[in-house]
Amino acid sequence: MAHFLLAVAVVVLACQLTGALLVRLRQPRVVGEILGGLLLGPSAFGLLLPAARGWLFTPEVVSGIQMAAELGVVMFMFLLGCELQLGQIRARRRSVALIVAGGMGLPFLAGAGLAWAGHGLIGGAAHAPAAHILFFGLAMSITALPVLARMLGDLRKENTPLGTLTLACAATGDGLTWAVLAVMFGMLGVAGGGAMASILLPLGLLAVTVAVVRPGLRMLVARVERSPSAIRLLLPLLVAGALAYAGLAELAGLHPVIGAFLFGLVVPRGSQTVAEVNHHLRGFAVMILLPLFFAGIGLDTTVGALGADGWAWLFFGAVLLVAVGSKLLGAASGAQLSGLSARESWQVGALMNCRGVTELVVISVGFEYQLINSVGLTTLVLMALITTALTAPLVRAFERWPREPAPVEPPASSQTGGGSKA
């Protein structure tokens with residue numbers, strides 16, 4: 001136990017230090033925290049001090065970290081479900097639809113094409129090639145809502161029309177991502193069970209959630225809010241609900257994070273008590289549990305897995321270029337079709353490149369279910385880190401573009417005399 005606690009202390013401290021360092025470099029804290037987790041893996045700590053790393057991260061300690069990381073990811077996905085503001089999506093549904101279609105559709109097609117070309121290099125061993133290709137395309141199309149919200153705050157754009165529109169697009173994209181993953185995992189039967197059960201059990205869970213759990217939560221929150229100790233009563237209930245839904249989702253053939261996300265979606269909006277509970281949960285999940293998740297990813301990520309022959313590095317370079325370019329072009333094109341100026345459209349494209357923690361969660365699920373191998377894992381993790389780090393500089397660069405001049409009204413025609421001149 002002492003060994004495990006020491007390792008947790010090292011992980012939390014390393015992630016906080018690298019996070020603080022990256023903030024000074026005008027990057028989101030989460031970029032530094034992800035980097036801290038990667039540095040603790042075999043590519044940095046293991047390369048420089050292999051004996052110390054082997055002593056600190058024994059197989060038993062790594063197993064404990066991965067268990068705690070699972071809990072952190074479940075809490076993160078629950079909070080992500082709570083943060084989706086469906087009202088913002090409805091208010092600008094045409095613009096959101098166009099931007100999401102371009103910002104997800106083009107990266108998905110480009111990523112699937114790359115996965116088809118490099119299937120032998122990055123594909124896992126458990127499923128048909130089509131499963132790896134679909135998963136890789138989906139992983140290329142993600143935008144991370146929580147990191148984007150924090151980045152918009154740093155850029156002072158969170159309450160601007162551009163910021164709220166981009167958040168609505170990211171929320172829609174995240175919802176679509178997890179819906180597609182749920183269907184994909186059900187069809188593959190990755191959690192076991194027959195084909196019919198893998199379809200009916202998730203549908204049953206969804207029906208019970210909408211018909212029973214959603215109205216029940218609304219009544220529960222309304223009653224608890226009248227109590228003077230509302231937060232103390234509601235906090236354990238929501239945590240227990242998220243954990244229970246994670247377990248039920250796994251029993252239904254889905255990944256636990258999908259259950260936690262679904263439970264978060266039906267938590268009532270507009271409640272001050274729920275907002276305060278989420279604030280308390282976020283502090284613990286983000287400060288303590290998510291660094292363990294980053295460390296778990298880092299322990300599985302080996303830059304050396306890309307090999308020395310150059311082909312894996314060439315594939316990684318292609319993935320990075322396609323990830324940035326397809327997101328920029330697809331989202332910016334959709335934004336311009338929705339009526340935004342070229343300057344604003346390219347800023348939307350840059351913001352939609354923010355992949356962050358949501359990307360890492362999806363990657364870890366794919367690696368766990370053997371949809372990608374270690375080369376695919378390393379490629380996608382490095383892509384997620386670099387594209388997230390590029391987001392703020394790209395936005396600032398597009399901000400410096402000259403504003404488009406306002407259209408000049410034509411001068412009013414004047415009539416002279418009593419009629420027109422021949």
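Placement of Cβ uses the backbone N, Cα and C atoms for every residue, glycine included.
Some features that TrEMBL has for this protein:
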- 18-394: domain 'Cation/H+ exchanger transmembrane' (DOMAIN)
- 6-23: transmembrane segment (TRANSMEM)
- 30-52: transmembrane segment (TRANSMEM)
- 64-84: transmembrane segment (TRANSMEM)
- 96-118: transmembrane segment (TRANSMEM)
- 130-153: transmembrane segment (TRANSMEM)
- 165-188: transmembrane segment (TRANSMEM)
- 194-217: transmembrane segment (TRANSMEM)
- 229-246: transmembrane segment (TRANSMEM)
- 280-299: transmembrane segment (TRANSMEM)
- 311-329: transmembrane segment (TRANSMEM)
- 375-395: transmembrane segment (TRANSMEM)
Sequence-remote partners of the transmembrane segment (311-329) [C-beta within less than 8 Å, at least six residues beyond its ends]: 102-103, 106-107, 109-111, 114, 118, 121-122, 140-141, 143, 305, 346, 349-350, 352-353, 355, 375, 378-380, 382-383, 386-387, 390, 394
Paired segments the transmembrane segment (165-188) and the transmembrane segment (375-395) in contact, 3+ CB pairs under 8 A: no
Touch test for the transmembrane segment (64-84) and the transmembrane segment (375-395), at least 3 Cβ pairs under 8 Å: no
Selection from 6-23, 30-52, 375-395, the stretch that has most Cβ pairs under 8 A to the transmembrane segment (280-299): 30-52
